[in-house]
Amino acid sequence: MVLFHSQASCSKRVKADAIVLPFWKVKSKPKCAASIAKEYESLYRVALDSFSGERGEVEFIYNSGQGKEKRLLILGLGKNEELTSQDVLEVYAKVTRTLRKAKCTTVNVVLPTISELRIPVEDFLTNLTSGILSLNYNYPKYTKEAKKTDPLLTKVTVLGIVPKIADRIFRKEESIFEGVYLTRDLVNGNADEVTPEKLANIAKGLAKQFPSVDAKVLNKDAILKEKMGLLAAVAKGSAVDPRFIVLSYQGKPKSKDHTVLIGKGVTFDSGGLDLKPGKAMLTMKEDMAGAATVLGILSGVAALELPVNVTALIPATENAIDAASYKMGDVYVGMSGLSVEIGSTDAEGRLILADAITYALKYCKPTRIIDFATLTGAMVVSLGEDVAGFFSNNDVLAQDLFEASAETSESLWRLPLVEKYDKALHSDIADMKNIGSNRAGAITAALFLKRFLEDQPVAWAHLDIAGTAYREKDEDAYPKYASGFGVRCLIYYIEKFLSK
């Protein structure tokens, strides 16, 4: 994907469907933030009577002949001294939404005068690029009118910046968003198509695409041979066999530092015998968003050729309902040897993650483990769709993730591992139950996973993306439905804190 181009001189720009001109909000009237103003001043002068320059304000002006573009879009950036990187991300996402609705496919984007920017030009350009890329995406439609979807942008030329600075940022963000789009496509896909086998094939495809990536897939028999009794239990009710996927990237083979990413891969969650209500089941094709996220992250890391070692583990299965389904009140033993009494078959995600954690400890020699899962409704209630909660046993890892979230505007919030609540997992007949009480559900789910670390000195973080992985509205910097949340944050984290 090569969407972005740059041109230092505005006068040498190529023809396009539209040009985006930025404005600052000042006391008297909006001030054009770029030197190209004189060329279009006669066009936008009248529009300024009703245009304030507020952040995110946009207005189209049709060009009757002058200039190289059919339309001028004036964009408010708000007050210069108040503009943040997240603001840049969101306003250029809005620009993309506006351009696409107007059927524009080629666009010239004028940068504000660099010397006037209060934030580093690299940050501005990165977030401009990310905002445009995030909304330059179509989720799948199956109607006869699918072809009437707003067209994608095919060429974006950023004016006022030399290619030496811009092109490196463009290529990097395009590579990252290939991973974001992969994540979104998988989460948005039909559950009958995005099966455990499909996830395995995607992993194999990445291994073919990148020489430094290897894929290994365990089928049902291999899962049973490894004594992954918790993953096998969840899979019992499905006509589709489970898979356990191991995808390894070796960017620094001589280093012992090793990051293991684990993604929950429940490709459809009916709740099992503890059947979900129909409305709650409606979006459960997205219950494999954790798996899709780690595939997207690994794709981006490999594309950027980062000097790190990363392995993605994906326990993949449906949680379906059948006469053979695993049953509440029964006890199943995981790969760790720990036994679990099933308090709810709808708390299946933590079961398959537990076997993946054990696999990581046994075979991967991890320095750190980071898992992603659409795990609890409690997290959605707590933090909504804009913030993902996370838990960690390591303050350094937690702080680094928090910083990465701030830099990428993918908000994380650390929640406590309240040890007192661990007793809610007590079972009289097994080592533990898979659910706690009806309170602090996100915390007790994290405490359940923490037990499978078995006190080994491994840094660990658990990201509950139940609220952020899938959105019901097209707003801010995200399209409707699958968001791809977490891919950008983790790639930033890996690049900044681990690429040494």
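Just so you know, glycine gets a Cβ as well, placed from its N, Cα and C.
The secondary structure of Asp287 (Mn(2+) 2 binding site), as reduced to three states from DSSP, is helical. Within the same chain, residues at least 6 positions away in sequence whose Cβ sits under 8 Å from that of Asp287 (Mn(2+) 2 binding site) are Lys264, Val266, Thr267, Phe268, Asp269, Asn319, Gly349, Thr374. The annotation Mn(2+) 2 binding site is assigned in Swiss-Prot to Lys264, Asp269, Asp287, Glu348.
For Asp269, Asp346, Glu348, the entry in Swiss-Prot reads Mn(2+) 1 binding site, with the evidence type sequence analysis. Asp269 (Mn(2+) 2 binding site) falls within a strand when secondary structure is assigned with DSSP.
Sequence annotations record features per position, and here Swiss-Prot assigns active site to Lys276 (among others) based on sequence analysis. Under the DSSP three-state reduction, Lys276 (active site) is assigned to coil, being neither helix nor strand. With a 10 A radius on its CB, Lys276 (active site) counts 16 other CB atoms from all the protein chains.
The active site annotation in Swiss-Prot covers Arg350 (among others) and rests on sequence analysis. Following the DSSP three-state reduction, the secondary structure of Arg350 (active site) is helix. Residues within less than 8 Å, Cβ to Cβ, of Arg350 (active site) and separated from it by at least 6 positions along the same chain comprise Ala373, Leu375, Asn434, Ala445, Phe448, Leu449.
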Practice task
Calculate the distance in Å between the alpha carbons (Cα) of Glu348 (Mn(2+) 2 binding site) and Lys276 (active site), and round it to a whole number.
Solution key: 12
Completion exercise
Same-chain shell around Mn(2+) 2 excluding Lys264, Asp269, Asp287, Glu348, C-beta within 8 angstroms of the CB centroid, reads Gly265, Val266, Met284, Met288, Asn319, Gly349, Ile352, Ala373, Thr374
Completion exercise
Between the binding-site residues Asp269, Asp346, Glu348, the one whose Cβ has the fewest other Cβ atoms within 10 Å is Asp346
Handout entry: Around the Cβ of Lys264 (Mn(2+) 2 binding site), the count of other Cβ atoms that are within 10 Å
Key = 30
Handout entry: Other residues, Cβ within 8 Å of Asp269, Asp346, Glu348 Cβ centroid (Mn(2+) 1 site)
Key = Val234, Val266, Ser270, Gly271, Gly272, Asp274, Lys276, Asp287, Asn319, Ser344, Thr345, Ala347, Gly349
